[in-house]
Amino acid sequence: MFNNITDDDRGQVGIGTLIVFIAMVLVAAIAAGVLVNTAGFLQATAEDAGEQSVNKVTNRVEVLNTHGTVGGEEDIDNITLTVRLAAGSDAVDMNETSIKYLSGDSVVTLTNQTVTSGANSATNDSAEGVADSDEFGLSEVTDDDGSFGVLNSMNDRYEVTIDTAAIETSDGDNTNLIGGLSTGEQVTLEITSRTGGTTQVILTMPQQLAGKTQNEPVEL
């Protein structure tokens, strides 16, 4: 009628409870380790993403001024931009910078093929050091430390030259030129550094070039 409870029975129940408790502790420890590792991975990933985002915003150039050069057909044959580092930017290597050129008739990505030929001078791979249909030219205005091609000081100034006459061609090369950018035409330039920082410039050609002579500079 009554169950007899012995000391042996109570001991077996105690051991079972202890085993379950130890197993729960081990599972909790493993789970905690996984959570710590996951949190560390997520933190590192977030830091990398944040650094990349900052670079895209800060590591870029600033365009100080622009002008065009009048061609022989009352158009703009060349565009020149004076650039420097944007505020807060780290060094920008113009040799690893690209420019997307977009007009009403043409779209092309330009790279810098300028090579140094001395401490503070440069010549372009193209004829007579002039940019062509897929390259932009680069020349020094000021460069305190002689590191031509790399903007690494707020005092550095370079001129970027884009040959619009070569780009706006009928056959995609430097033959059969049909002129540069016409009066009133608009062109968009996106200057992108190696880290992804982008500066956009939208330029509109003068509405009229009457009285302007060939090779005369005009403000854009």
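Glycine is no exception: its Cβ is also placed from the backbone N, Cα and C atoms.
What Swiss-Prot records for Asn78, Asn95, Asn112, Asn124 is N-linked glycosylation site.
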Asn95 (N-linked glycosylation site), number of other Cβ atoms within 10 Å: 16
Collapsed DSSP category at Asn112 (N-linked glycosylation site): strand
